[in-house]
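Pulled from Swiss-Prot, these are the features on record:
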type     : residues : note
TRANSMEM : 5-25     : transmembrane segment
TOPO_DOM : 26-57    : topological domain 'Cytoplasmic'
TRANSMEM : 58-78    : transmembrane segment
TOPO_DOM : 79-310   : topological domain 'Extracellular'
ACT_SITE : S82      : active site
ACT_SITE : K137     : active site
Amino acid sequence: MSNYLSSFLLASSLITGTLWIINKILSHNLLDSKIPFNIKKSKIYYKSKQVVQTFASFFPILIIVFIIRTFICEPFQIPSESMMPTLLPGDFILVKKFSYGIKNPFSNNVIVFINTPKRGDIVVFKHPNNNAINYVKRIVGLPGDKINYNILTKRLTITPNNINEQHTKNISINYKYIKPNDFTKHFKLNNIILNNVHSLESSNNNLLQLEMYQEKIEKIAYNIFFKKKLIDQKDLYFKQFSQKQGTWIVPKHKYFVLGDNRDNSLDSRYWGFVPEKNLIGKVVFIWMHLIKKEGQWPTGIQFDRIGNIY
């Protein structure tokens, strides 16, 4: 949807821009004086000029919107639960497009470099296997990092600078259990199994309460969801050549991303790394949250969801 809108804005800007130039030329006194009086008074000329002026008037607005969406910021809506508890379905987010650089809107190549992505950044990006689909996840692995994800404890181990097989110390990662509250969500186990992403050790009932933890990678802390009884189907993991399943070394100019809702997220564990070229921008702000139930119209706006994302 976002790609179609960008194409529409570009096409509309080009068309209205052309009409804007034509209107300026036709309105020039020197050219206007050379047009015969009988032509200027004809209905066809009058209506044609009106049409040109009307469409040309949209050009300044369209070009401003196009520039803002392409180079400055762009709104997105969160459709799924993969980034809970940080981002919820119904959140409308603002993405800073120039966080890492100003890009060519056609080739997506960086024109002006600004900064490199940081560990912990929440980013919107084009899916590595389908550029028509936009995803939102959190960067946990930088180029050169060796990532290990334990399917039993749901904990990360990150060792930096592994591209040249250098031996370095693991990055400090700490986990702190957060007491359950009304925000913690229940999921139907049957639905999770049908997604072919998870299997269960055992279950005595139909509902499983996810647990909230604080994950702190060095100085960056955020909350995540997972349940130890829910075991990932490791055979579905992306298998990197020469690495054990569940272990990856992030190549140059690529990133390893995870959803904060670890048991309900298709991310780099399943389809691999995100090329730097695919990054659209960094999520910086929630500007609206609609209150709605699945299959129903929104019933209101939740104002306490509005604000910066850290």
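Glycine is no exception: its Cβ is also placed from the backbone N, Cα and C atoms.
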When DSSP is mapped onto helix/strand/coil, what comes out for K137 (active site)?
strand
Collapsed DSSP category at S82 (active site):
coil
Rounded to the nearest Å, what's the C-alpha distance separating K137 (active site) and S82 (active site)? Just drop the number here, would you?
8
Rounded mean pLDDT within the topological domain 'Extracellular' (79-310) lands at 85
